[in-house]
Amino acid sequence: MSFRLSGGSRRICSRTGSGRLSGGGTGFVAGNVCVGSGARSSFSCTLEGISSGGSFCNSGGGLGSGACAGFLGNEHSLLSGNEKVTMQNLNDRLASYLDHVHALEEANADLEQKIKGWYEKCEPGSSREHDHDYSRYFSVIEDLKRQIISATICNASIVLQNDNARLTADDFRLKYENELALHHSVEADTSGLRRVLDELTLCTTDLEIQCETLSEELTYLKKSHEEEMEVLQYTAGGNVNVEMNATPGVDLTVLLNNMRAEYEDLAEQNRKDAEAWFNERSATLQQQISDHEGAATAARNELTELKRNLQTLEIELQSLMAVKHSYECSLAETEGNYCNQLQQIQDQIGVMEEQLQQIRTETEGQKLEYEQLLDVKIFLEKEIDIYCNLLDGEERKSKSTCYKSKGYRPVNSGNQAKDSTEETIVKTVVEELDQIGNLLSLRVHSVEEKSSKISNITVEQRVPSKAP
């Protein structure tokens with residue numbers, strides 16, 4: 001005799017309120033109870049019986065709800081003799097539970113009808129065609145829309161004025177910077193011209209000093225010439241006639257005229273040299289001024305262009321900074337979202353780990369209960385095999401007695417009739433378990449052996465093996 005357990009459970013199902021109970025083996029019950037109905041509510045219950053451990057789950061909502069309760073018996077309940085009383089108690093409780101469910105469904109339907117009637121009574125407008133009349137809110141909605149549009153237009157105009165003011169301020173700032181640069185360049189040119197003017201003033205002062213010196217010399221020469229002329233005229237006024245045979249004297253007038261001509265030529269030459277030097281220096285300075293003015297104009301234009309480029313780059317930098325700030329905000333928000341999601345996932349992982357640990361604990365408990373049940377089953381099989389062997393031995397004895405009385409002899413594979421033969425059945429139970437201890441499969445191997453002793457009874461071995 002052998003037992004076969006599929007999933008370690010038997011099922012008791014009910015769909016319309018009636019229960020169907022099934023059991024097997026030696027009279028013990030281990031299984032699940034499921035109840036389904038079409039109620040619009042969810043409920044839960046607990047069925048108590050002979051089970052020492054079990055589980056209960058509840059699901060409901062929409063147009064259906066259900067409750068299931070699992071019962072698993074232990075060794076004491078298997079060996080007890082009150083199975084019929086227990087099953088009757090369970091059936092009574094299930095019937096009372098179904099009656100309670102139907103009563104709750106009726107009460108729920110009554111409450112739904114009352115709520116629906118109350119809503120129909122309290123709705124503005126009694127007719128069903130105009131249950132939701134929102135026409136009185138249309139004017140308020142239109143007014144609010146107009147206010148929103150006007151506020152949006154006002155806000156846009158303010159933003160436009162702000163932009164115009166900012167652009168005007170930028171233009172004035174650019175003009176101010178250009179004027180300031182022009183002012184600095186003019187001041188630099190003025191400083192250079194002042195230095196040139198100082199140099200020209202020094203040159204003019206030197207020339208004036210030289211001119212004054214020459215004028216003083218000319219005045220002194222004129223005065224000396226007049227004195228000599230007076231002396232000569234005074235001496236020529238007498239009537240002294242002196243005749244001397246001597247060399248003729250020097251004509252002072254010619255000499256003075258020659259000296260005057262020489263000084264005038266020298267003064268003219270100095271004037272021409274000074275004028276030429278002044279013209280040369282003035283031309284050089286004018287050339288330098290024109291060159292510097294061209295360079296200043298080019299530098300000014302280049303500075304203006306650089307300022308425009310600088311303003312463009314500043315605007316671009318501000319836009320890039322705004323984009324960077326928006327990206328940073330988006331990155332921070334994304335990091336926050338992913339951190340929240342990661343925290344949720346970690347919480348879910350923690351919950352799943354707790355559930356897995358709980359499932360492992362329940363599995364260990366179920367494994368222990370299953371081993372207890374398997375031990376009970378094996379013990380019962382042993383007793384049944386012993387009884388069967390005893391019965392077979394008695395039948396063989398009776399048959400051999402009958403054969404002797406009739407004069408026949410039974411065929412016994414070479415043994416004498418007086419030696420009672422006994423078959424020894426060796427059963428090997430192989431369990432395949434996974435890594436967490438769950439039972440995958442159960443195999444029973446039977447080997448028949450014959451012996452001459454009746455004391456050899458059934459021997460069973462349990463060889464647990466780990467599944468890969």
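Yeah, the Cβs are placed from backbone N, Cα and C, and that goes for glycine too.
Marked as region 'Head' by Swiss-Prot on the basis of sequence analysis: 1-82.
Taken from Swiss-Prot, the feature region 'Coil 1A' applies to 83-118. Helix first, then strand, then coil: DSSP counts for the region 'Coil 1A' (83-118) stand at 36 helix, 0 strand, 0 coil.
Residues or ranges marked as domain 'IF rod' in Swiss-Prot (evidence: sequence analysis): 83-398.
Per-residue confidence over the region 'Linker 1' (119-140) averages 66 (mean pLDDT, predicted model). Taken from Swiss-Prot, the feature region 'Linker 1' applies to 119-140.
Counting residues per DSSP class in helix, strand and coil order gives 92 helix, 0 strand, 0 coil for the region 'Coil 1B' (141-232). Residues or ranges marked as region 'Coil 1B' in Swiss-Prot (evidence: sequence analysis): 141-232.
Swiss-Prot lists 233-255 with the feature region 'Linker 12', giving sequence analysis as the kind of evidence.
Positions annotated as region 'Coil 2' by Swiss-Prot, on the basis of sequence analysis: 256-394. Taking H, G and I as helix, E and B as strand and the rest as coil, DSSP gives the region 'Coil 2' (256-394) the counts 139 helix, 0 strand, 0 coil.
Per Swiss-Prot, the feature region 'Tail' maps to 395-465; the stated evidence is sequence analysis.
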